[in-house]
Amino acid sequence: MPANKQRPKWLQVIIDSFSFKSPGLSFLTKLKISLPAPILSVSAVIIHQVYIKYYTDVLGLNASLVGLVYVIYNIWNAINDPLIGALVDRQPYRPKHGKYVYLLHVTVPFMMLMTLAMAFTQPSWSQWVKFGVFLAELFIFDTAATAYGIAYGAYVQIAAPTKEERLDIGTIGNYLTYAMSFLAAMIPTLLLFRGGDKQLFIPVLCAVVAVQTVIFVLALRGLKDTPEMYKTVQPAKRNNKVAAKEAWHIIKSRPFLASVSYSVLAMGALQYYSTAYLYYMDAVIHAKGTTATLIGFVTHLVALALMPVMNYVVKRWGTKTNVMIGMIPATIGYLGLTFAHTIGEVYLYYGLVVFCTIYFGTAVAPMNALIIDEDEWQTGVRKTGLYNGLFGIFTTSLGSLQMILYTSIMSATGYRGQAAVQTVRAENGIRFATGILPLICIWVGLIAIIVYPYSRQKEREISAESRRMRAGEPSPALQKLRAAGQAPKPEE
């Protein structure tokens, strides 16, 4: 192309979007760092989507008991997330094992075994036995998954210091996440809908878990956990009293409250879309499993094709602007699903919901890491584990709120999982829970985005400071701690 002839602006945007160019890490390094996250997402799909329909429609567990399982699960999450986060913070780097990557390795076997074990509950067991077994297996899975998630999140924030790098890593990883999650979600649409072969469920699930385990092993082999990565990170050395004081200070802060409020209210509702879709397509639209699978495939394919552009505009305009823009198509999508009757309408409105779920997820992805970065900038100590544990108290423990509300509406309106046809009242209940309920949640959640204090310019300032600190230059706060003898000198 001649030097004096510039590309059209729209073409340059597309090229920049798909090249994943940002200062710092190479594309290959971003790819390696992104690989461990998608596999955990597959487990979440199986546990929180596939098994819910399997337990209600095949094993006959009452929907209200499924909701009770998740109430108890949420209470446990409120306890274990901050404890595990604080423990991770206190662990030093060990030359033989490393730190974060070692935790990833030791938690994987527990997650895989529990994912598989949940499939072997028998329909002949009593309601309370099925409830107890499901709860116990979920308890073990979640403890391992929490440690994995906190360790991985902390690792990414050390390996990729800027918002732009983290967005690229998240977007690259999301391709594998959604591809694998979609394959996992095909299990209920093909095997658990009317006319599906439920006898194939366990063999197919075993194959999925086997493949997932192999990918876990391969993904973790590519991660480096070197001592050089931790040279500029001041480890947290605090007793329980100090930790409690710091935790209370964090919980009261405006950025933290804004982030967790939006995650619980809006993202919790948005991310439940695929589970709601299973019941909606089966009980309301009366679609075949192949039709539901095809709609899911096409809508996700279109949304994923646009994901690099979403990544580009989030880098350019920041979190707040992008969330506000996305409210328009999200509102149209959820209202449309509430009143849709034809397959064509479902294609359109469900497509908008899928697009907005990925778009909002991309827009808010940098929020928590930026909050942790700014705190390190101000205090000189990086508290990734404590922060992630506190985020987990609210986002993970209350993250099942949408599922509890959904199953409660199903139960209240007379949904019967093993019935051939649902009543009109039950169908209307599913329509409300699939469309109106999440719409209310995302509009209420918008208040949190409005009060979120980081503008686009502030996000850039925090990213620049984070890169400077990871390059070996201590923050002003850390320099003060060293001068006061409260932090070791670099040579120490």
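Each residue, glycine too, has its Cβ placed from N, Cα and C.
TrEMBL does not curate its annotations; it predicts them automatically.
Per TrEMBL, the features are as follows:
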REGION    463-492  region 'Disordered'
TRANSMEM  33-52  transmembrane segment
TRANSMEM  58-79  transmembrane segment
TRANSMEM  100-120  transmembrane segment
TRANSMEM  132-155  transmembrane segment
TRANSMEM  175-194  transmembrane segment
TRANSMEM  200-220  transmembrane segment
TRANSMEM  255-274  transmembrane segment
TRANSMEM  294-314  transmembrane segment
TRANSMEM  321-341  transmembrane segment
TRANSMEM  347-372  transmembrane segment
TRANSMEM  384-409  transmembrane segment
TRANSMEM  429-452  transmembrane segment
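Here the transmembrane segment (132-155) does not touch the transmembrane segment (429-452). Their Cβ atoms form fewer than 3 pairs under 8 Å, with each pair 6 or more residues apart. Cβ atoms under 8 Å from those of the transmembrane segment (255-274) belong to residues 45, 49, 181, 185, 296, 330, 353-354, 356-357, 360-361, 364, 367-368, 370-371, 374, 390-391, 394-395, 398-403, 406, 437-438, 441-442, 444-449, 451-454 of the same chain, restricted to positions at least 6 beyond its ends. Among the recorded stretches 58-79, 294-314, 321-341, the one sharing the largest number of Cβ pairs closer than 8 Å with the transmembrane segment (384-409) is 58-79. With a cut-off of 8 Å on Cβ pairs spaced 6 or more residues apart, the transmembrane segment (100-120) and the transmembrane segment (33-52) reach 3 or more such pairs and are scored as touching. If you look at the transmembrane segment (429-452), the same-chain residues 6 or more away from its ends with a CB under 8 A from one of its CBs are 254-255, 257-259, 261-262, 265-270, 272-273, 276-277, 279-280, 283-284, 319-320, 323-324, 327, 330-331, 334-339, 360, 367, 402, 405-406, 409-410, 412-415, 422.
Under the criterion of 3 or more C-beta pairs below 8 Å, with sequence separation of 6 or more, the transmembrane segment (33-52) and the transmembrane segment (200-220) qualify as touching. Panel annotation: around the transmembrane segment (58-79), residues 52, 121-123, 127, 130-131, 134-135, 138-139, 142, 146, 192, 198, 201, 392-393, 396-401, 403-404, 407-408, 410-411, 415, 417-418 of the same chain, lying at least six beyond its termini, place a Cβ under 8 Å from a Cβ of the stretch. Stretch with the largest number of CB pairs closer than 8 A to the transmembrane segment (294-314), among 200-220, 321-341, 347-372: 347-372. For the transmembrane segment (347-372), the list of distant contacts is 153, 156-157, 163, 166-167, 170-171, 174, 178, 253, 255-256, 259, 262-263, 266-267, 270-271, 273, 277, 295, 298-300, 302-304, 306-307, 310-311, 314, 319, 322-323, 326, 329-330, 332-337, 340, 382-384, 387-388, 391, 442, 452, 454, 459, 462-463: same-chain residues at least six beyond its ends, Cβ to Cβ under 8 Å.
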